[in-house]
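Colleague: Below are the structure tokens for one structure; questions will follow.
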Amino acid sequence: MPFSAPPTEHFDVIIVGGGHAGCEAAITAARLGLSTALFTLNLDRIAWQPCNPAVGGPAKSQLVHEVDALGGVIGRLADATALQKRVLNASRGPAVWALRAQTDKRLYSRQMLQLLQQTANLSLREAMVTGLEVKGDPSGGGEHWEPAQGHAAQITGVRTYFGSIYRAQAVVLTTGTFLGGQIWVGNQSMPAGRAGEQAAEGLTEALESLGFQTNRLKTGTPARVDRRSIALDQLEEQPSDAADRFFSFDPTAWVSGEQMSCHITRTTASTHQLIKENLELTPIYGGFLDSKGPRYCPSIEDKIVRFADKDSHQIFLEPEGRDTPEIYVQGFSTGLPERLQLDLLRTLPGLEQCVMLRPAYAVDYDYLPATQLSPSLQTKRVKGLFTAGQLNGTTGYEEAAAQGLVAGLNAARLVQGQEQVQFPREGSYIGTMIDDLVSKDLHEPYRVLTSRSEYRLILRGDNADRRLTPLGYQLGLIDARRWQLFQRKQTALEDEKQRLEKQRLKASDPAAPALEAKTGATIKGSITLADLLRRPGVRSADLIEHGLVDPELALGVREGAEIDIKYSGYLQRQQQQIDQLKRQSQRRLPANLDYANISTLSKEAREKLTAVGPLNFAQASQIPGVSKADLTALLVWLELQKRRTLAASGHDR
């Protein structure tokens, strides 16, 4: 018999989970005027960073910029709590430039809690949510339900471990690694969402009873060591190189505290030998655990097995805060038993006498394959039920925060009777990620990568505000002050681009010889500053050096103008591809098309397209396993066939 009790409280939106997804979802819904409650197992661990205390990196920084451009908070807090900032891939093109910040994990959590407590319309509750209240079919349509049938049930609230019921019109699940969480050290395990915190009970069973498919994934975190026990003076120092760069587009959030250095060490032959001799004692190689872990964040034993030709791997020693001696040993997660972990750490140069404060561990947990969601992150079976973050199979604070904002936004709009917002793949990394999640059958933790986007030159971090802030303002996520800041920046950017296109440098000007020497190309007569920037090797910093650009010009304006000018041809072509793909969405596909012989399609796409036989591109785009890259390849192939047919018919005449 179903448990029933009078409701304890009523809210418009309930968020379950206080991690990075849950916090963004709660703040977003509350700022849109909805009565919102965030439930978490531990209010003292809000927005905790249980693995690497860092924000950003390749593609991840683009996500953070996008969340900020839409009014989210992860970028502001990363700026406010940064211990160190670096620009990655600076020697490559702007499509892959990435800001990365090492953050003070305890300060980050405290500031997020303060922000939540100060947010109007938002209530915080410490409780374990174990059940979902629904009306309609309690089986979610059963095993024969199909998405075309629409929602089989509607969410009405949640139930907690101690029997309280809380009503809501929308519920967002952001449970991270806590659903059925089990942490492993060697062959020893215990129920936990992360070290020192209990796993969540009941929700997996509640989801399965509603017809949802669940599965297991794993992740892991390395040991923490005492900074005072490391011979840092023997190691390569890695200082901050980007203290003047920020994730947030809001200058009021730009805070630069005292910067701290990271340090670099490497594995040795002794490291590799110890691991090889004890592989069978780890959960994966010993067969105790078969959940799939993140491909792009492997354990040290995975690295040594998969890259057997390498005799050394780089390891980074990163501070966890200004007021703690704990050092995060990046790149050194392991499943070895605790009794071997200290010996393993002491094989690293500089760590021969180190003290291990916390052992490394792996955690496996339940997740909900995101093909059961619509692009709004609402579940297809149950109206009003949304999911975000690691529950959807992703890994990373940035991926979680972005999904949380989208889920919170759409949960609020559902309650208000407004249309759901879907982020197109070509418009943002948020859209790229969600499209991948809901359309592909993923069996390992998903991490956003620049290579996942076909439009990465357009989807840069520096222009995230240009791409998304107008939408954020339209949706009510950006306030009037931020909107005015945005408009002023765009005016300054356009003014600078026009100036660079008009102002000319004469061959007789004092700066000309130096700039000619830098580019290896002669200035004949005169040249516009824009054309000068288009030459390889010339940057706006060079123009500043010669008094041709105002050094007081905001960095975002200066770099934005430079990128727009330098890469204008590429940007135009990529935009044309996007526009063409939009136009082609209703283009019909021949019924007898032999996908198996189109070699530019991925193997999975050939199989899925053959099996489904879509009538047009719009239908093809909805098939799980058929990516936007596959659609582009198919479009190019059809155009080539069309030209060949026309050429052949012309030749026949």
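The backbone N, Cα and C atoms fix where each Cβ goes, and this holds for glycine too.
The FAD binding site annotation in Swiss-Prot covers Gly17, Gly18, Gly19, His20, Ala21, Gly22, and the record cites sequence analysis as its basis. Summarising the annotation, Swiss-Prot assigns NAD(+) binding site to 293-307 and lists sequence analysis as the type of evidence.
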Colleague: In sequence order, what residues of the same chain, 6+ apart, have a Cβ less than 8 Å from the Cβ of Glu301 (NAD(+) binding site)?
Modeller: Ile275, Leu279, Thr282, Ile284, Tyr285, Thr334, Gly335, Leu336
Colleague: In whole Å, how far does the CA atom of Arg295 (NAD(+) binding site) lie from that of Gly17 (FAD binding site)?
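Modeller: That comes out at 25 Å between the alpha carbons.
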Colleague: For the recorded FAD site, enumerate neighbouring residues of the same chain (Cβ within 8 Å of the Cβ centroid of Gly17, Gly18, Gly19, His20, Ala21, Gly22, site residues themselves excluded), in sequence order.
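Modeller: Other same-chain residues near the FAD site: Ile15, Cys23, Glu24, Ala25, Thr40, Ala47, Thr174, Gly176, Ala388, Gly389, Ala400, Gly404.
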Colleague: What's the CA to CA span in angstrom from Gly293 (NAD(+) binding site) over to Gly19 (FAD binding site)?
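Modeller: That comes out at 20 Å between the alpha carbons.
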Colleague: Write down the Cα-Cα distance for His20 (FAD binding site) and Cys297 (NAD(+) binding site), rounded and given in Å.
Modeller: 19
Colleague: Which of Ala21, Cys297, Val305 (the binding-site residues) has the most other Cβ atoms within 10 Å?
Modeller: Ala21
Colleague: If you count other C-beta atoms within 10 angstroms, which of the binding-site residues Gly18, Gly293 is the most crowded?
Modeller: Gly18
Colleague: Any idea what the Cα distance is from Gly22 (FAD binding site) over to Phe307 (NAD(+) binding site), rounded to a whole Å?
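Modeller: Gly22 (FAD binding site) to Phe307 (NAD(+) binding site), Cα-Cα distance: 37 Å.
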Colleague: Round to a whole number and give the Cα-to-Cα distance in Å for the pair Gly19 (FAD binding site) and Lys303 (NAD(+) binding site).
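Modeller: Roughly 29 Å, rounded to the nearest whole number.
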Colleague: What residues, ordered by sequence, lie under 8 A Cβ-to-Cβ from His20 (FAD binding site) and sit at least six positions away in the same chain?
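Modeller: His20 (FAD binding site) has long-range Cβ partners Ala47, Ile74, Gly389, Tyr397, Glu398, Ala400, Ala401, Gly404.
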Colleague: Which is it, of Arg295, Lys303: the one of these binding-site residues whose Cβ has the most other Cβ atoms within 10 Å?
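Modeller: Output for this query is Lys303.
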Colleague: So what sits near Phe307 (NAD(+) binding site) in its own chain, CB-to-CB under 8 Å and at least six residues off in sequence?
Modeller: His313
Colleague: Using only C-alpha positions, which one of Gly17, Gly18, Ala21 is spatially nearest Lys303 (NAD(+) binding site)? These are the binding-site residues in the record.
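Modeller: Closest recorded candidate to Lys303 (NAD(+) binding site) by Cα: Ala21.
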Colleague: Would you mind reading off the Cα separation of Val305 (NAD(+) binding site) from Ala21 (FAD binding site), to the nearest angstrom?
Modeller: 34
Colleague: Might you list, by sequence position, any residue in that chain lying six or more from Gly17 (FAD binding site) with a Cβ less than 8 Å away from its Cβ?
Modeller: Phe39, Thr40, Leu173, Thr174, Thr175, Gly176, Phe178, Gly389, Leu391
Colleague: Can you tell me whether DSSP puts Val305 (NAD(+) binding site) in helix, strand or coil?
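Modeller: The residue in question, Val305 (NAD(+) binding site), is helix (DSSP, three-state).
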